[in-house]
Amino acid sequence: MEKRAMRMLAMFVLGTSFWSCAGFPVYDYDPSSLREAVGASVAKVNSQSLSPYLFRAFRSSLKRVNVLGEDSLSMDIEFGIRETTCKRDSGEDPATCDFQRGYFTPSAICRSTVQISAEKVQDVWVRCRWSSSSESNSSEEMIFGDILGSSTSRNNYLRGLIPDVSRTEPLYERSLETMRRFPPPGNRSFPNQWPRARTNTGFE
């Protein structure tokens, strides 16, 4: 029995060695890679938000890694962001800025997908759930990414973008007419209070 177990262990070691030598990429996910991906995600938010202050990340964690090729992969990350005391046009590194204090300081929990190729960040997509700055307990979601379209101001801090082409399609007009004639089920006297995801592209 012991000899059989040793034989199986030896076969397992040889098998893993074979796959490593057969060209399958082996990645070492050190903390610096995670910091770089989080930094790129925060930079995407800061580049497309309308807040006069920079946001800084806190409590980041790696959720998933997808190998795309021999030298490329994507990382799914979850992290929090909070507004800092540094002005957006100050040129400061958000990681060196102090967080603003106060109960109503803008903050959010975000999930991002960062594509890395040849050890360089190639693409970043971020989705954040923002806590409301009002006295209500409502929240809203925003999507930050590089999608072509025109911008429309959505609130004091963030921009939600809707491609112009979708507004010119007959299907879009028919959908609006259907919504006017047949409101969604539930209490028809009050608007829908569920937060909606918004797409942010950064193009004016």
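Cβ atoms here come from the backbone N, Cα and C positions, even for glycine.
The disulfide bond feature in Swiss-Prot is assigned to C86-C97, C110-C128. Residues or ranges marked as phosphoserine by Swiss-Prot: S90, S138, S139, S166, S175. Per Swiss-Prot, the feature region 'Disordered' maps to 179-204. Summarising the annotation, Swiss-Prot assigns signal peptide to 1-23.
Structure coloured by features recorded in Swiss-Prot.
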residue	record	Cβ neighbours (10 Å)
C86	disulfide bond	20
S90	phosphoserine	13
C97	disulfide bond	18
C110	disulfide bond	25
C128	disulfide bond	27
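Taking the Cα of C97 (disulfide bond) as the reference point, the closest of the recorded positions S90, C110, C128 is S90.
Between the CA atoms of C86 (disulfide bond) and C110 (disulfide bond) there is a gap of 20 Å, rounded to the nearest whole number. The separation of S90 (phosphoserine) from C110 (disulfide bond), Cα to Cα, is 24 Å. A separation of roughly 24 Å, to the nearest angstrom, links the Cα atoms of S90 (phosphoserine) and C128 (disulfide bond).
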